[in-house]
Each structure stands twice: as C-alpha cells, then as structure tokens.
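Since the structure comes first, as structure tokens, the remarks are kept for the end.
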Amino acid sequence: MDIETDGRFGNKRMHNRLGPGSGGGPSSTNGRVCNFWREGRCNRFPCPFLHSELPEAAAPPKRPSGPGGNVWRNPTAGGRGGGRGHNRWGRGPGGASAAVTHRPPDRPCKYFLAGECSYGDRCRYPHSYCISDSITMLTLLKGHDKSVTGIALPTGWSDKLYSGSKDGTVRMWDCQTGQVWNMQTSAEMNLTGPTGQVYALAVASELLFAATQDGRILAWRFSAATNCFEPAASLDGHKLAVVSLIVGGMRLYSASMDKTIRVWDLATLQCVQTLSDHTDVVMSVLCWDQFLLSCSLDQTIKVWAATESGNLEVTYTHKEEQGALALSGMPDAQSKPVLLCSLNDNTVRLYDLPSFSDRGRIFSKQEIRAIQMGPGGLFFTGDGTGELKVWQWVDGAQT
C-alpha cells in the first residue's frame, strides 16, 4: 500500500515521534512523551506525542568526603559549632555551591507501589521501593493494620525489633526469621500527668520526657524505692502541641506545631532560647556533630550552629519541594554520614552531609513517619499502611 508523506503526516510527524532532532529546538509536542507508548498500548498513528524517552539529565557531581569517625554526635558537646562549619553546608567539590533543588532518577511504577500493576516485567517503570545504588531492601514486614508510629531495636541484649502503631498494638519481630508476636502483658506501668496525645519521648539525666498535645513537656524521674516513675517537672512554653524531642549535650530540644524550637537546659529545666526561623509546623529535630538540624512543613531543612555567645543561629537552609516530616541520620556502608528526610509525598530523601548531595529516594504507599537506625548497616522504616521495611546499606555507594 502506498503512503503519502506530504507534510500532514510524514517527516515532521515522524520526527516528533522519534524525538528531538539535531537542531535542539522544541517541537509542537513540547517534548512530551506518550504515556500510552510507555505502557506499551498506544494505537494512535500518527501519535502527537514522542515515542522515545527524553535524554537523561547530566549526572550530578561526585560527592565530597564527609567527616569520619563517630558520625552522629551531639551539638555543643566538646566545643561550639560556630563559624567552623558555616561554609561546609550545601557545598560541592571545590567549594562550588551545590544545587539546592535535586533531580533524582525516575520514579518507580505507582501501580506497583499500590500493589496493582498488571504489566509485571513488561512495565516500563521500575518495580522497586527505592531509586538508589546505595541501599537495598531486605524484606517487608506485615502485621500492623494502621500507621507505624515508632520503631525500636535494643542493642546489646536483644535480637528483637519492636514497633508501635495507631492500631493500638506493640509488635515484636524476630530479626532472624521475621516472625511477629503481638505484645500483650498483664504488667502495666502508668505515668500520671499527660492528658491527650503523647507525640514523642526522650531520656536524659535519669529523666524521662514526654511531648504532649497541650504543649507541655512532662518529666518523670524513676524511683528505685517505689519502683515507678514519679513526676519531676513540667516544662511550659510552647503554645501548641510538641511533636519532636531530641537530647544533645546538656540540652533538650523540642519542636512544636507553634512553628518554634525551644532549647532547654537539662541542669535547670529552664528554656534558654526559642528558635523562630521556621514559618510552619516544625516536625522533627536531630543532632549531628556540632549542629542541630530541623525540618518543617514549610518545605525546608535548617541547619543550626552555635555562635560564640552560645546561641543557635541558622547557618544553612535546604529547600524541599514538599513538607518535611521526619529526620534521621546514620553512616552509610563506607561510614560516611547520610541524612534521611521523610516528606509528605510518601518518599524519603537520602542526602550526603554536609554537602546535601542527592543519594536517592525511598518510596512508599503512604507517608513514612518512623525511621530507625540498626546495627551492621541496617535501618528500618514504617509507613501509614502499617508496613515495616528492612533496609541495608551496600558497598555500591558513590565514592
């Protein structure tokens, strides 16, 4: 059969289907790739969209070497952060400013993440829960019916992983087999004082701190005489719920829905500074080296360093494209520091520190609120569906 190639349906149409030509100018498709072609079921001829993938973006520069040794340390311990670290943040090789916005590899198949992809091996999108050459998922643990809110792995005396959930259960997992038990016991210890939701716990100086819904931080001290916790103090100051606590040096740091971070002296239990640079709820705080890191629904991660006066000031701000939910930090397979930041688009970003170079993403069905470091390069994540995933750092990390 003869086919006419008269401008209506010939060179230009075929050119658009095969991708941009050597001229580099935009075509009438605006560079859009046909989604039906990607799924292997486009039946339009001619198709007004590209039947080829666009060229991949240039690879980011290699990351600089991070500080070695004991990576996750407390700020203000053994000296002030101050100006010593001011120029380290967000810097690429040679001191050049690293791009604040990142262009990670393509996303995995959204239908695979939802457990609904029917294409299997024929799918053009990766069937993976992560896009990274630095980590691999070892196993998926199912048992909770609702969001995982906390994960704990006692070190030194237990081979069990513990997880808490909004389904009202605490589950214990055998780290060797993945077998799970629902924790039920007749023994119970009640702490008097909190009313409403308790969002976070922290331990320091023989005190247990609880972040409460009404904005107070309640403290208890364990009494060996009575074998129970006794109320010790109430730290008042936040105007709305406190959602995150972290201890560093002789300081307790609290993050709140009132958009502030408060710094408390553990010796006096008095507030010594209020940090107000965030413009939305401060969701999480983390201590690293001589620095305090915080993340917020204002789509930023802020790095705080102590000045000569001892007060904390923002020394670097990293901009995200989504609200940030939780921070965690750990060394990779080469003992270099990596920051994990959960966002409200159901992903976790991995960044080198202090450069904030992109190391990949973790994807999930729902938001990931719980991240826990484990031994031997292991770490754990828990999402809104109740699933726990076990991850391992691998030697294929960038160098």
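Don't overthink the numbers, they just go from 1 along the chain as shown.
Glycine is treated like the rest: Cβ placed from N, Cα and C.
Because the structure is a prediction, the values reported are computed rather than measured.
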When TrEMBL is consulted, the range among 103-130, 131-158, 299-326, 327-354 described as zinc finger turns out to be 103-130
Whole-number mean pLDDT, the zinc finger (28-54), equals 71
For the domain 'C3H1-type' (103-130), the DSSP residue counts stand at 7 helix, 1 strand, 20 coil
